[in-house]
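Just below is one structure, and these are the notes that go with it.
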Amino acid sequence: MVQVNENYLKLKAGYLFPEIAKRVKAYSQSNKSADIIKLGIGDVTEPLPRACIEAMGKALDEMGTTDGFKGYGPEQGYSWLREKISEHDFISRGCQISSEEIFVSDGSKCDSSNILDILGKDNSIAVTDPVYPVYVDSNVMTGRTGDSLENGTYKGLTYLAINEDNNFLPELPEKKVDILYLCFPNNPTGATINKADLKKWVDYALQNKSLILFDAAYEAFIQDDNIPHSIYEIEGAKDCAIEFRSFSKNAGFTGVRCAFTVIPKNLKGLSSTNEEIDLWPLWNRRQSTKFNGVSYVVQRGAEAVYSLEGKKQVKGLIDFYMENAKIMKNKLQNAGYKVYGGDNAPYIWIKVPDQMSSWDFFDFLLQKVGVVGTPGSGFGLAGEGYFRLSAFNSRSNVLDAMERIINI
């Protein structure tokens with residue numbers, strides 16, 4: 001009989017969001033007439049930008065002609081999209097990232113997991129706590145951690161707590177760590193990091209020859225001009241950081257699928273014989289072997305994000321969701337809740353009242369008023385006592401959900 005990858009057996013019983021879906025389904029089956037408002041998973045709700053729809057429609061028409069048909073595209077992404085990304089997302093901000101350093105993919109979730117393919121298993125790893133579960137689970141699946149402990153953490157991982165006491169900014173590790181996961185604007189807390197604080201992480205990585213895996217999936221929601229959109233705005237970051245970006249949240253591509261990862265050609269790692277190895281060729285080879293590229297039609301849609309009309313329409317989407325976040329934060333604060341985030345990110349991070357646990361508060365909101373959020377403990381041990389609400393929903397649902405919560 002075939003042997004299984006036993007690392008999967010170390011995973012906690014259920015991934016956070018399927019567990020939420022399971023509880024919601026059970027409640028719905030017992031309460032057929034329940035009107036449930038879901039502010040849990042970070043999935044967008046508004047239609048795609050018109051510019052993207054038109055671009056994809058045109059591309060689809062091209063595919064229906066002999067001259068315009070496209071088969072397999074370059075695994076790294078079409079050059080015209082990579083050049084637009086380089087120009088608008090990086091060069092415009094003073095970041096010298098070339099189009100060749102940009103790899104188009106079908107999602108940051110995939111890339112942040114797949115990047116481990118080119119990194120050795122003996123690297124020490126640090127994650128914030130709470131944290132996007134994929135960072136931890138992908139390391140568990142690939143044998144980079146020890147067994148799980150009773151408190152839900154894993155042996156072999158360094159956990160960096162983020163909470164009210166440190167303004168949701170992690171402290172630098174006390175010892176040398178090889179791989180550092182950072183996400184700003186942060187999921188789940190909605191916290192941000194300024195250039196001075198981010199520079200401390202870059203300096204740490206340079207000093208310790210560490211690699212920062214920087215998730216900037218929510219950078220488009222930044223409202224404060226003093227908050228960096230990319231880690232490459234920090235001097236030296238091209239020598240120590242990989243950045244993940246996505247069109248999912250800013251352009252509503254969660255169901256379309258397009259993202260990109262930046263692998264600077266400066267980045268190096270070590271072989272077992274202490275030979276310096278460039279990371280860019282390794283990732284290029286990995287993608288060429290395991291990935292067939294994003295479809296031509298989708299990449300044309302992503303390209304339209306950078307058109308004049310596309311930029312206006314994307315800004316409209318971002319403004320809409322951020323107004324939702326503002327409404328949620330103001331109403332909850334006025335009702336006496338301690339609320340964080342929501343200013344430069346589409347997530348609201350609530351301190352759970354009455355010393356309830358995160359999951360107890362989840363069940364309380366679901367059963368009392370039919371509102372679904374995400375228990376903070378699902379993001380890690382330090383998330384216990386907190387609760388995440390997402391601004392990704394219709395205005396009417398957001399207003400309705402807030403009225404239900406504050407009138408319990």
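Every residue gets a Cβ built from N, Cα and C, even glycine.
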From Tyr132, Tyr204, Tyr232, Tyr306, the one annotated by Swiss-Prot with Tyr72, Ser108, Lys109, Asn187, Tyr218, Ser246, Phe247, Ser248, Arg257, Asn292 for pyridoxal 5'-phosphate: Tyr132
Rounded Cα separation (Å) that holds between Lys249 (N6-(pyridoxal phosphate)lysine) and Asn292 (substrate binding site): 23
Tyr15, Gly42, Tyr132, Asn187, Asn292, Arg388 filtered to the binding-site residues whose C-alpha is within 10 Å of Ser246 (pyridoxal 5'-phosphate binding site): none
Distance, Ser248 (pyridoxal 5'-phosphate binding site) to Arg388 (substrate binding site) (CA atoms, angstrom): 19
